[in-house]
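Engineer: I am attaching a structure below and will ask some questions about it afterwards.
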């Protein structure tokens, strides 16, 4: 079966609270992540909660990139879903984690699709965790 889409669900911890608490900064990061992931941006919306936290989404022709943040915990929940052949969601995820200065990431990749003429849904789930080494600004 051909995969219709790649859905990355990311738990990011140890993030810089100043970055993940700034809706404008996150928008900037997501727009660049979409570019690096070879995605075509269609729209974006970000909302800053009071007193803290951000939720936002970038709609791309290939699907979406979304986030919910808890700066007080240094935590961000990311969702990157793409379909088609040209997008590279992993590049987008890597860039976002780097910009958030995440110290730890748990990533699940779900390969999504449906069998042609069968209406049988197929999901393949790959999961990995990594402690991110960010000494001297290098991953």
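The chain as shown is numbered from 1 upward.
Cβ atoms here come from the backbone N, Cα and C positions, even for glycine.
Annotations for this protein, taken from Swiss-Prot, read as follows:
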- 63: active site, schiff-base intermediate with substrate (ACT_SITE)
- 68: active site, proton acceptor (ACT_SITE)
- 83: active site, proton donor (ACT_SITE)
- 63: pyruvic acid (Ser) (MOD_RES)
Engineer: Have a look around the residue listed as 'active site, proton acceptor' and count the other CB atoms within 10 A of its CB, chains all included.
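Structural biologist: Taking every protein chain into account, the count is 16.
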Engineer: Pick the one among the active-site residues 63, 83 whose Cβ has the fewest other Cβ atoms within 10 Å in this structure.
Structural biologist: 83
Engineer: Roughly how many Å separate the Cα of residue 63 (active site, schiff-base intermediate with substrate) from that of residue 83 (active site, proton donor), to the nearest whole number?
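Structural biologist: About 7 Å separates the two Cα atoms.
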Engineer: If you measure the residue listed as 'active site, proton donor' to the residue listed as 'active site, proton acceptor' at Cα, how many Å is it?
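Structural biologist: Rounded to a whole number, the Cα-Cα distance is 22 Å.
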